[in-house]
Amino acid sequence: AKCQCKLPQRERKNCGYPGISAAECKKIGCCFNASMPGVPWCYTPKPKKVKKVCPNDPYARINCGYPGIQARECTRKGCCFRAHPAGVPWCFYHRVTEE
């Protein structure tokens, strides 16, 4: 993603080899910007920001507990708890989404 390549020049960590082309640099998953001499042109992107969310679709839930699990025990395991609707897991895993 473009925003992952917006790094101050002093924070750029070399990702390629001397003389690497822009296409080759991008092919290995790195950022390329040759506008400034004296800093790496092919550099490591910032890590993606992710957040955990509880899926809204009850039918997309992946079971994290067992029948009759209590909310407190479910959240202690680090999972989501919603005691509705019937027939789907009430204790279920988060989904990780990119910000």
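The backbone N, Cα and C atoms fix where each Cβ goes, and this holds for glycine too.
Here is what TrEMBL says about this protein:
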- C15-C30: disulfide bond (DISULFID)
- C25-C42: disulfide bond (DISULFID)
- C54-C80: disulfide bond (DISULFID)
- C64-C79: disulfide bond (DISULFID)
- C74-C91: disulfide bond (DISULFID)
- 1-46: domain 'P-type' (DOMAIN)
- 52-95: domain 'P-type' (DOMAIN)
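A mean pLDDT of 92 is what the model gives for the domain 'P-type' (1-46). Close to C80 (disulfide bond), meaning Cα to Cα within 10 A, are the following disulfide-bonded residues out of C25, C30, C64, C74, C91: C64, C74, C91.
A straight line from the CA of C79 (disulfide bond) to the CA of C42 (disulfide bond) spans 39 Å. For C74 (disulfide bond), the same-chain residues lying six or more positions away in sequence with a CB closer than 8 A to its CB are C64, G65, C80, F81, W90, C91.
Taking a C-beta cut-off of under 8 Å and a sequence gap of six or more, C15 (disulfide bond) has these contacts in its own chain: C25, I28, C30, C31, P40, C42, Y43, T44. Long-range Cβ neighbours of C54 (disulfide bond) (same chain, at least 6 residues apart, Cβ-Cβ under 8 Å): C80, R82, F92, H94, R95. Within 10 Å of its Cβ, the residue among the disulfide-bonded residues C25, C64 with the fewest other Cβ atoms is C64. In the domain 'P-type' (52-95), helix, strand and coil residues by DSSP number 9 helix, 8 strand, 27 coil. For the domain 'P-type' (1-46), the number of residues in each DSSP class (helix H, G, I; strand E, B; coil) is 13 helix, 5 strand, 28 coil.
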